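Listed in Swiss-Prot:
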type	residues	note
COMPBIAS	28-38	compositional bias 'Basic and acidic residues'
COMPBIAS	86-96	compositional bias 'Acidic residues'
COMPBIAS	111-124	compositional bias 'Basic and acidic residues'
COMPBIAS	216-259	compositional bias 'Basic and acidic residues'
COMPBIAS	260-270	compositional bias 'Low complexity'
COMPBIAS	271-304	compositional bias 'Basic and acidic residues'
CARBOHYD	T130	O-linked glycosylation site
CARBOHYD	T134	O-linked glycosylation site
CARBOHYD	T139	O-linked glycosylation site
CARBOHYD	T143	O-linked glycosylation site
CARBOHYD	T148	O-linked glycosylation site
CARBOHYD	S231	O-linked glycosylation site
CARBOHYD	S305	O-linked glycosylation site
MOD_RES	T234	phosphothreonine
REGION	28-138	region 'Disordered'
REGION	167-311	region 'Disordered'
Amino acid sequence: MRIAVICFCLLGMAYALPVKHADSGSSEEKQLYHKHPDALATWLNPDPSQKQNLLTPQNAMSSEEKDDLKQETLPSKSIESHDHMDDIDEDEDDDHVDNRDSNESDDADHPDDSHHSDESHQSDESDEVTVYPTEDAATTVFTEVVPTVETYDGRGDSVAYRLKRSKSKMFHVSNAQYPGASEEDLSSHVDSEDLDDTPRAIPVAQHLNVPSDWDSQEKDSHDVSQVDDHSVETQSHEQARQYKREANDNSVEHSHSIDSQESSKVSQESQSREFRSHEDKLAIEPKSEEDEEHRQLRVSHELDSTSSEIN
């Protein structure tokens, strides 16, 4: 409905806009100049009587402008009528909701006339759906009554308070559940209900004190999960330690291999040095023997020469 009203308002505003006529003053002036040259010549004279004779076509145009002004005023009335219709529709919607609430309250107060009221409401709802398809049906939410367990801790004499509480409750409900019953009957009924309720508290306490199988299973699973987590942690620590040990062993072996290689190199160098020194010694010894032989020959030759001189 609001969209339709907005569309109508826009259309009314479009129709209300003034239409500009083609400016044909130049052609009219030319026609007047050809037809009435004397009148145009006298237009410059300040005689008001002659000017009124020439202003007759402008007066004719003023009537058209009046019609345009009348057309401009009409859409405002239509807009006001649309606003008035919107107000009427809103009032009808409010009345419809109030009537529906009153009908629901009447149904709750008078359940015996359900058939007649249902038929009338069904017919009304069918008519309302056809008239107002956009409205949502009013639904009532019913909450279920959940029984609660009352505790009597910190109330002095719990047994007496419980008896008073139960009796007051039963006296409040007596008119609705047991019409025409006396107070003695109600008190006996309360006592019987108290006696019936007393053994029911023992199994509840037993169930609360005794752990269920499900709780035990949950505890076992929790313990097993903790043990598994602990075992996983220990395994991870052991693996880390083994990795460290292997790394240390590898480093030690590598260092030993490097040391052995260095020692072998040193031993080879020492052996090569000894071999070279032995070869040098062997080369020096034959030279010394040759020198001694030369010396002996010289000595013997000198002795022979001296002996020959002496002779």
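Each Cβ is built from the backbone N, Cα and C atoms, and glycine gets one as well.
Only residues 6 or more beyond the boundaries of the compositional bias 'Basic and acidic residues' (271-304), in the same chain, are considered here, and none has a CB under 8 A from a CB of the stretch.
In the shown protein chains, 10 other C-beta atoms lie within 10 A of the C-beta of S305 (O-linked glycosylation site). A straight line from the CA of S231 (O-linked glycosylation site) to the CA of S305 (O-linked glycosylation site) spans 110 Å. Its Cβ taken as reference, T234 (phosphothreonine) is surrounded by 10 other Cβ atoms within 10 Å in the chains shown. For the compositional bias 'Low complexity' (260-270), the number of residues in each DSSP class (helix H, G, I; strand E, B; coil) is 11 helix, 0 strand, 0 coil. Of all the Cβ atoms in the protein chains shown, 10 others lie within 10 Å of the Cβ of S231 (O-linked glycosylation site).
Reported as a whole number, the C-alpha separation between the residue listed as 'phosphothreonine' and S305 (O-linked glycosylation site) equals 106 Å. Shown for the compositional bias 'Basic and acidic residues' (271-304): DSSP residue counts in helix, strand and coil, namely 34 helix, 0 strand, 0 coil.
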